[in-house]
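Asks: What TrEMBL shows for this protein is this:
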- 189-199: compositional bias 'Basic and acidic residues' (COMPBIAS)
- 218-238: compositional bias 'Basic and acidic residues' (COMPBIAS)
- 245-256: compositional bias 'Basic and acidic residues' (COMPBIAS)
- 257-267: compositional bias 'Basic residues' (COMPBIAS)
- 268-281: compositional bias 'Gly residues' (COMPBIAS)
- 181-308: region 'Disordered' (REGION)
Amino acid sequence: MAACSIEDLLAKAEQDEAEKLKSITVQKELDLEFDIGNLVAYDKNRIDIRQFREQKKEDFLRSLARDNTQLLVNEIWKHPTERVEEVIVVKLPEPTTPLPREKPPPKPRPPTKWEEFAKLKGIQKKKKTNLVWDDKVAKNELHRLRNIARAQKIKVPGVGLTPIAQQSKSDLARAVNVAKSSTASAGKFQDRLPKEKAPRNTGKKRKFQPVIGNFSNEKQRQLDLLKVMDSKKPRLDVNKAVNKQMREVDREEAAAKFKKGGKKGRKGGNFSGKGKGGGGKGKGKGRAGGKGQGPPSGKKGAGKPGKR
């Protein structure tokens, strides 16, 4: 009895498993009519009354619905497929069965001004990419741009907190200041942390004139601007003109001194002198002296002192 009961249990389990894993092939006397556009199938086969009475109604209807649904799914996958965002879908044909509607179909929405402008200019909407940001690629690109700027001797602008292995205290402070000044008020209304010091070397701040209150200063600036634009003679900068004249005078004096010094250096090219000595007279000019008395040689020689 125990062996029979075990065999019955195994047979029942196999039958239940077979019911779950039925074949996708379903046999029908008459083929079903399909309207794939509406995902509808029409079954014109006669229902077996004896089988309907012998089985439970729910089981019979469930089995019939399962077979017809399997045939509908088989017919759907006979149509062309395509891949949309990593999912395979079936392109359904137009429906053939007209279905009644409670309300008329909605009219097409008129294009907006932007859609009309984009169509006129040929602007097409770009699809979002599935690429993921890679920090390593961004870090390598940052280093490459820094190398180019260093080779061309260009100052690299500050970017807040740069992607490096270890951040220093100054880097963190600069990143905090950049984040605070990124608000609409340029960090004017941002609360400070306890014991936080005021930032240093943040650069010059632009000063704007008040938009309310006394407008006399603004009026005077506009009048001065109109005077400059309306005057025929150009505006003279006295300090600039005086400095320019002084530089020209200094340049002329330096050129004159250079010319005088050159003439003095060219005098005294001959080394012969005028005087009596060695039994003869000779005329000449020398560096140390031109006319002078020569060494004693038994004769008197008189001469004039040379000029330097």
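Glycine is treated like the rest: Cβ placed from N, Cα and C.
Those TrEMBL annotations? Automatic predictions, nothing curated.
The structure displayed is predicted, hence computed values, not measured ones.
Give me the structural setting of these features: burial, nearby parts and distances.
Replies: Mapped onto DSSP helix, strand and coil, the compositional bias 'Basic and acidic residues' (189-199) counts 0 helix, 0 strand, 11 coil.
According to DSSP, the compositional bias 'Basic and acidic residues' (218-238) comprises 14 helix, 0 strand, 7 coil.
Mapped onto DSSP classes, the compositional bias 'Basic and acidic residues' (245-256) shows 12 helix, 0 strand, 0 coil.
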Asks: Which sequence-distant residues neighbour the compositional bias 'Basic and acidic residues' (218-238)? Criterion: at least 6 residues beyond either end, Cβ under 8 Å.
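Replies: Apart from its flanks, the compositional bias 'Basic and acidic residues' (218-238) reaches 209.
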Asks: Near the compositional bias 'Basic and acidic residues' (189-199), which residues from the same chain, at least 6 beyond its ends, have a CB less than 8 A from one of its CBs?
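Replies: For the compositional bias 'Basic and acidic residues' (189-199), the nonlocal Cβ contacts are 173, 177, 180, 183.
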